[in-house]
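Trainee: This is the structure I have questions about; it appears just below.
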Amino acid sequence: MTTTSPTSDGRTPSRWASLRTPSGVLTMAAWPLAIMTMLHRVVLNPQNSHPTDDFSTVWDALHRFHDGVPVYNENYSFVDPHYLYSPGATLLLSPMTLAPSWGIGRVLFIAANAIAMVAALALLTKIIRQPLTGPVLPVALFLVFATESVTNTLLFSNINGILLLAEVLFLWWLLVGRGDASWTLGAGNGQKSRWANILAGVVIGLTITIKPQFAVLLFLPFVRAQWSAVISGLAVPVVFNLAAIPMMAQPGDYIDKLLPYLGEIRDYANSSISGVGVYYGMDDWMVLVLRGIAALAVAVAVLGLLRWRYSDPWMWAATSTGILMAGVFLVSSLGQMYYTMMLLPMIFTVFGRMSVMHNPVTWFGIYWCMSNDEWESDRWERAGNIVEYVRGTVGWGLIVITAAVCVVVWLVIDWRTGNNTPGGDVERNGEPETEPTTTKRGNDDDRRPHP
């Protein structure tokens, strides 16, 4: 039987002694806030009436697929939510038709997304080596479930929560594949795992099958020569689409009807630069310039971050993921604010030694594209309408531009301090080259200030 050791003054410490520490107090306070916020977002809010209903659109399309009826038979000139998934995604999601009714299916789908988001946040907490019993997880649950991203994902009943979990699993298995992390979520021992690379490719391939925007994340295994992940990531959507075509009535409608619609820039509920430009009637040249600036910022940040792809793999992978996804939201034809939850891995780098999240401007960007605040105003009607419509665009723009500036500053500091190995972290025989511990500049990274 274990006993509690007395303190220096002879008294036995209380079992609640941890509550006297700031961490303990924060943990104790955050859990009730997190639990009540999650209950509100998962149980109450989705049952309130709202004109946007993504689940019914998917439910009806999947049942058309199940019944052998043409799936892409909608009138795409209407502004109602449309079924935008590929034949492969239709096949992948078709087990949803096993639910006995629309109501039960929707409740189960909402619950699955909520559980997936909780699991993703717990996994991120472990990846950054914070205990699940500490304050990080409950604070993250409280803040994340209060965002526009999670609120509307659950209210509209779409699949973003499951995609977030898939993204986090992809990043974790990618690190395990190179030996930068372990299967037990501890520190990596340098031992590579082909199976982890394959799993990373499969999970990102499934995600690409549902949302092709995630294809940009194949850049991560590509630049570190994790070919198993790249190949499986490309193969999965190809296999699902090829398998779905003979099972679908009139699969050609996807190419003839849906793809032309996807190529259009819609002028409602669209926070991409092109969407804002169409909504406000901006000149084409101005839209092109703004998209070019955004693309340039993304390129500078992502290519500059390659410097740390071996020495700080988690920061590199999570930050590159966030910047690539924000760039897709900005530059593509469609960007919606609830996509911003895919930036959560990048946000969790704030606990690291280096992070673009150490810059307050980045947090202004996070506020604009994740906050659930509404900026519509009865007094300042026109100004309020503009701010509310463009805040997602502004937020993503601030994030990618600030990230580019941060990365350039880091590179300049590296150059000035002499830590300028050509090409960044050079691999030799499959392992990153490191400097001898006896060199004078061996700890330059530790002294690098944050912009």
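Each residue, glycine too, has its Cβ placed from N, Cα and C.
Predicted automatically and left uncurated, TrEMBL annotations should be read as such.
Computed from a predicted structure; not experimentally measured.
Below are the features listed in TrEMBL for this protein:
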{"type": "TRANSMEM", "residues": "25-44", "note": "transmembrane segment"}
{"type": "TRANSMEM", "residues": "103-124", "note": "transmembrane segment"}
{"type": "TRANSMEM", "residues": "161-177", "note": "transmembrane segment"}
{"type": "TRANSMEM", "residues": "198-223", "note": "transmembrane segment"}
{"type": "TRANSMEM", "residues": "229-249", "note": "transmembrane segment"}
{"type": "TRANSMEM", "residues": "288-308", "note": "transmembrane segment"}
{"type": "TRANSMEM", "residues": "338-356", "note": "transmembrane segment"}
{"type": "TRANSMEM", "residues": "394-413", "note": "transmembrane segment"}
{"type": "REGION", "residues": "421-451", "note": "region 'Disordered'"}
{"type": "COMPBIAS", "residues": "441-451", "note": "compositional bias 'Basic and acidic residues'"}
Trainee: For the transmembrane segment (103-124), find every same-chain residue at least 6 residues outside the stretch whose CB is under 8 Å from a CB in it, and list them.
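Mentor: Counting only partners 6 or more residues beyond its ends, the transmembrane segment (103-124) has Cβ contacts under 8 Å with 38, 41-42, 46, 55, 59, 96, 132, 137, 140-141, 144-145, 150, 153-154, 157-162, 164-165, 167-169, 172, 185, 341, 344-345, 348.
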Trainee: Residue list, the transmembrane segment (229-249) vs rest of chain: Cβ under 8 Å, 6 or more residues beyond ends.
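Mentor: Tertiary neighbours of the transmembrane segment (229-249) are 64-65, 68-71, 86-92, 173-174, 177, 197-198, 200-202, 204-206, 208-209, 212, 218, 221-222.
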Trainee: Near the transmembrane segment (338-356), which residues from the same chain, at least 6 beyond its ends, have a CB less than 8 A from one of its CBs?
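Mentor: For the transmembrane segment (338-356), the sequence-distant neighbours (Cβ-Cβ under 8 Å, at least 6 residues beyond its ends) are 117, 120-121, 124-125, 127-128, 130, 136, 140, 144, 147-150, 152-153, 156, 158, 160-161, 163-164, 167-168, 171, 301, 308, 312, 314-315, 317-319, 321-323, 325-326, 329, 362, 366, 369-370, 392, 395-396, 399, 402-403, 406-407, 410, 445-446, 448, 450.
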Trainee: Sequence-remote contacts (6 or more beyond its ends) of the transmembrane segment (161-177), Cβ cut-off under 8 Å?
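Mentor: For the transmembrane segment (161-177), the sequence-distant neighbours (Cβ-Cβ under 8 Å, at least 6 residues beyond its ends) are 112-114, 116-117, 119-120, 123-124, 127, 150, 153-154, 183, 185, 188, 192-194, 196-197, 199-200, 203-204, 206-207, 210-211, 214, 217, 220-221, 226, 228-229, 313-314, 317-318, 321, 341-342, 344-345.
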